[in-house]
Amino acid sequence: MKRAGFSTRWLPIMLLLPQLLIIVIFFYWPAWHAVRSSFFLQDPFGFGETFVGLKNYASLFKSSAYMRSAWFTLFFVVLVTFFSLAIALLFAVKADKVLRGAKTYRTLLMWVYAVAPPVAGVLGVIMFDQSWGPATEFFALLGYDFRLGVNYYDTAFAMVVVSVWKQLPVNFIFFLSGLQSIPRSVREAALIDNRSASSRFWDITFPLLAPTGFFLLITNITYAMFDTFGVIDVLVRGEPGNNPLTLVYKVYVDGFRGNDLGGSSAQSVVLMVLVLAMTVFQFRMVERRIHYT
Amino acid sequence: MKRISFVSALALSLAANASFAQTEITFWHAMGGALGDTVNQIATDFNASQDDYQITPVFKGTYEEALTAGIAAFRAGEQPNILQVFDAGAATVIGAKGATVPVQDLLIDNGVDFDIEDYISGVRYFYADSEGKMIGMPFNSSSPIMYFNENALEEAGVEAPKTWEEFENTTAPALVEAGYIPLSQSHSPWIFVENFFSRHNLPFATNNNGYDGADTEILVNSDEIKMHWSNVKEWLDEGYYNWYGASWDDNQTPFEEGKVAIWLGSSGSFGGLMAKDLPFEFSATYLPYWEAITTEPTQTFIGGASLFAMSGKSDEENAATAAFFQYLTSPEVQYMWHRETGYVPITEAAYEMAKEDGHYDRFPAAEVGIQQLSLPAGENTAGYRMGFYVQIRDVMNREFGRILTDETSVEDAFATIETEANDLLSRFAMTQQ
């Protein structure tokens, strides 16, 4: 087969240029600035700055608040990723079996996708309101005094619930299409070999869903770390207080609320390194073991 | 719009449309809801009162958001003429010399009579530099005061407490007996820390509460305040006090619902409470003090915010800003602002006008804020000036939340606040070099 190609040199360069410019202006340039200012302490108005070397990083890792936020982020990411994948998979498997009214079910399950994170946060505030939230009243029936914004763990619970709920439809859509792309012949062959539905699922369906699953795993980790900002911002209602904060939200609190540009830049550099490590992990470890068909 | 000189503007205004010649200035503020309506009213009235200047107020969100927006705009060279900055941001904006034109210079340069003695004593020096020059105009000044549900107190057969001892021994038990939660308060760092120090005339920071230099250390880890917070925790455990989280409204709502009998809030909350038509009679009085610490309680710090004239503006625009400030501090406007919102009148003249008009005969509670700010001063009551103070308040709020949910002890919490706050202060000092 003949390789398709450009006859001139400058045409591909010209075609790539807009994209490259966008990457340079909107990614590399700000990233460079973040790296640079993480080594400085700077007057918020930009009048003076002092080079402090690694001091910003050092004070991060000896700050108990930062470490607390890092641990919270770890647990938060694990919980949100696990539950939003597990529940979405369950829904997808069940919806896949529905024959009558399948489209209606699917549409209803996807609806939440249209809800923006801050709106999801507002719904969370309403559900968990201290004096009249339906969820709070439900907990009161069980004899538990649920207090959003007062108790650290209660607030964390609300954050996880709202974030999982918000992410379910995306995972559901992907799992459903993943299930539907498994060839009917494979399933029918499995049906002859094994009568148990659950072991058929774990032996045949689940491994065949692996490519979708791993793709979702990565996007869900990213979602839990970064895109839950809106949910958290609304749930803490303007006062970080003793509420749990993810690392991304802490960058915002220290940088944009507290005007500590150096410290906040150091935090975003730490996040950049984390994302870089995750990307390397994804390509090196995971993609090699997963076979896309 | 094209920059045109003042003289040609005047000439043009004679020839052409008057609005074309007006100098336009912008005013970024953080006054939402009813407060924002009043700000807009003042701006409209100012625009109608003369033909030379046109001011446009822009609501920029919370105090923190307004400050950040102002800083970002300044760095991009797009700053507004006037920026409202709250108490906790004072060190940031005043520390950045060159970011603003001191109000005192601005007014004097534009031929406005200025005498700092015209301002009431409680607000005079909070936004001043160490030499006593006024840098920011203390536009909306408030003071933490004690609101109480008169019906509840009557039911329990008690008076509003003057001291915390009285609250603990008499008021609170009687209110619990009558079926109320005795106390809530809306801003722990402001009411239970900063104003705890000024009410008892205790030093809050070294360097004259931070006014005399950037190498300041906070004196928050003191026995007196730890005693206070140990008691607050005990009140919580005994049901004398309830804490509804770090957000302001969550602590105010139970008072409005009649569940909580005494609420510590801002004198600036008065207008909002009046407008709500609560199902009970309420009144207000001074913030209580500990007799065990002092028998001569002093005045409190102001809260709220002040207006800064941003630098880098043309002389015409600065003249417009000065004219607006002059208008804003006139007794009539100050009295209107005070009456509508509950923020204190910042000049003696406006206070006199409110008195003469009989405002305090109609609403005695409206006078509490200014009276409290006019109590005897002490060497530690002028205010405080600390950098990265927004974050220091966040540290306090975090540790207080942890005390009140049994995650830490009072002793450990204050040690942590002291360490982290001093760390932030030394970091801020380095940004100022």
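Every residue, even glycine, has its Cβ placed from backbone N, Cα and C.
Just so you know, TrEMBL annotations are computer predictions that nobody has curated.
Among the features that TrEMBL reports, domain 'ABC transmembrane type-1' is placed at A:70-282.
Counting same-chain residues at least six beyond the ends of the transmembrane segment (A:12-31), those with a Cβ under 8 angstroms from any Cβ of the stretch are 6, 272. Residues or ranges marked as transmembrane segment in TrEMBL: A:12-31 (among others).
Residues or ranges marked as transmembrane segment by TrEMBL: A:70-93 (among others).
Residues 91, 95, 98, 134-136, 146, 148, 154, 158-159, 161-163, 165-166, 168-170, 172-173, 176, 227-235, 237 of the same chain sit 6 or more residues outside the transmembrane segment (A:105-128) yet have a Cβ under 8 Å from a Cβ within it. As annotated by TrEMBL, transmembrane segment applies to A:105-128 (among others).
Among the features that TrEMBL reports, transmembrane segment is placed at A:156-179 (among others). Long-range contacts of the transmembrane segment (A:156-179) within its own chain (CB-CB distance under 8 A, at least 6 residues past either end) are made by residues 72, 75-76, 79-80, 83-85, 87-89, 91-93, 95-96, 106, 109-113, 115, 117, 120-121, 123-124, 127-128, 135, 148, 205, 209, 211-213, 215-216, 219-220, 223-224, 228, 231-232, 235, 244.
Counting only same-chain residues 6+ beyond the ends of the transmembrane segment (A:200-226), those with a CB under 8 A from a CB of the stretch are 73, 76-77, 80-81, 84-85, 89, 93, 163, 167, 170-171, 174-175, 177-179, 182, 186-187, 190-191, 194, 246-248, 271, 275, 278, 282, 286-287, 290-293. Here TrEMBL flags A:200-226 (among others) as transmembrane segment.
Outside the transmembrane segment (A:265-283) by six or more residues, the chain places 31, 33-38, 56-57, 60, 66, 218, 221-222, 225, 247-248, 250-251, 254-255 with a CB less than 8 A from a CB of the stretch. If you look up TrEMBL, you'll see A:265-283 (among others) marked as transmembrane segment.
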